[in-house]
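Peer 1: Here it is, the structure, as structure tokens.
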Amino acid sequence: MKNIFLHSLSLENYRNFKNLELKTDNTPIILIGENGSGKTNILEAISLFYPGRGLRSAKLANVCKTSEDHCLVKALLQSKLGLAEFTTQFKRSSNRRITEYNESKIANNELSKFTSMVWLTPHMEGIFTSGSNDRRKFLDRIVYNFDPKHAELVSKYEYYMHERNKILVEDIRDDNWLKIIEEKMADISNHIANNRLKTLEFMQQAIDDLENEFPKADLSIDGIVEQKILNGKENIVSFITAELYQTRSKDKLLGRTSFGVHKSDFLVKHQKKNILAKFCSTGEQKAILIAIILAEMNYAIKLTKIAPILLLDEVFVHLDDKRRQYLIEFLTGLNMQLWVTTTNLEGIENFANKAQLIKL
């Protein structure tokens with residue numbers, strides 16, 4: 001099994017840190033400090049070495065230290081391809097982010113070729129009651145760990161969708177180019193939808209197989225394209241192309257694409273109660289979310305033989321003793337690099353004895 005882990009992390013002008021240097025190894029790491037000390041900022045910096053905008057989905061201008069034009073995050077990381085140096089930097093003046101692998105520029109969506117990462121934050125605990133966009137992105141992040149090429153597909157789809165919207169809204173008379181774009185969107189959509197369905201099948205099996213102290217969930221996806229595939233419809237690409245063609249006039253008025261895999265919703269049910277997670281209590285929602293994360297970790301390791309980095313922000317807060325103890329035993333048994341934030345060690349003393357403590 002390959003372990004993805006950080007050997008070192010350097011921050012320059014990042015959030016509240018002017019300069020920070022951390023040396024780590026493939027063991028659990030506990031970041032301990034008062035609220036506002038920068039614990040979550042460190043997790044966010046690590047998450048930037050995975051496709052997307054990090055665990056906060058922050059705008060570039062917000063990650064640089066106040067009054068500074070640039071910020072830099074550097075990591076020496078044991079990746080899927082071996083030991084490598086990764087850097088990502090931002091400049092307010094250009095509003096650009098540049099990511100490098102061993103001093104060679106790479107696209108953000110290429111990061112899943114090198115790293116594997118899972119995170120859980122307090123913000124995510126509202127994912128079941130927020131908009132479908134958050135849930136869909138959560139599902140796609142899970143897919144990245146099973147299929148690294150999925151991130152590139154999602155990025156390409158969003159690019160072509162933006163191009164289509166531009167042609168329609170600006171009334172650019174180029175039916176040829178529009179047809180090509182819609183055909184590309186249709187082909188990519190087919191791959192995205194199938195990847196999601198395949199991953200959900202893996203995940204459901206993982207949830208059903210894993211006996212733990214957290215409630216089991218039933219996972220599904222509510223999307224026209226995914227449903228057509230499940231129903232055995234043939235010529236999916238032709239179907240999507242036709243739908244995009246038929247919605248041109250409507251989308252021109254709306255200024256957006258009204259049909260496609262970007263409209264799908266990730267649905268989660270409390271298995272025992274047979275109700276959607278959004279109707280469960282906040283405590284149950286957190287427990288269900290943890291159960292999904294545990295299943296993802298467990299199955300990703302079994303299926304891909306790669307242990308990702310796990311980032312947990314205040315995960316032990318509001319957990320009862322039984323669930324806290326189970327979670328600690330599960331996590332320490334995974335033999336992977338785990339980053340945990342906390343304001344104190346109460347209730348996790350035994351876990352702390354096996355971890356590297358970093359006080360902020």
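Cβ atoms are placed via backbone N, Cα and C, with glycine included.
So Swiss-Prot lists the following for this protein:
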BINDING   G33, E34, N35, G36, S37, G38, K39, T40  ATP binding site
Peer 1: I'd like the Cβ neighbour count for S37 (ATP binding site), meaning other Cβ atoms within 10 Å of its Cβ, all protein chains included.
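Peer 2: The answer is 16 other Cβ atoms.
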Peer 1: For T40 (ATP binding site), which of the three DSSP-derived states applies: helix, strand, or coil?
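Peer 2: Its secondary structure by DSSP: helix.
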Peer 1: Just how many other Cβ atoms lie inside 10 Å of the Cβ on T40 (ATP binding site)?
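Peer 2: Around T40 (ATP binding site), other Cβ atoms within 10 Å: 21.
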Peer 1: How many other Cβ atoms are found within 10 Å of the Cβ atom of G33 (ATP binding site), counting all protein chains shown?
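Peer 2: For G33 (ATP binding site), the 10 Å Cβ neighbour count is 16.
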Peer 1: List the other residues in this chain whose Cβ sits within 8 Å of the Cβ centroid of the ATP site residues G33, E34, N35, G36, S37, G38, K39, T40, in sequence order.
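Peer 2: For the ATP site the neighbour list reads N41, T341, T343, L360.
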Peer 1: Enter the number of other CB atoms within 10 angstroms of the CB of N35 (ATP binding site).
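Peer 2: Summing over all protein chains shown, N35 (ATP binding site) has 8 other Cβ atoms within 10 Å.
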Peer 1: Long-range neighbours only, meaning 6 or more apart in sequence with Cβ under 8 Å: which ones does G36 (ATP binding site) have?
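Peer 2: For G36 (ATP binding site), the qualifying residues are N16.
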Peer 1: Looking at Cβ-Cβ distances, which residues of the chain lie under 8 angstroms from K39 (ATP binding site) while being 6 or more apart from it?
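Peer 2: In sequence order, L31, I32, G33, D313, T341, T342, L360 meet the Cβ cut-off.
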Peer 1: With every protein chain in view, how many other Cβ atoms are within 10 Å of the Cβ of E34 (ATP binding site)?
Peer 2: 10
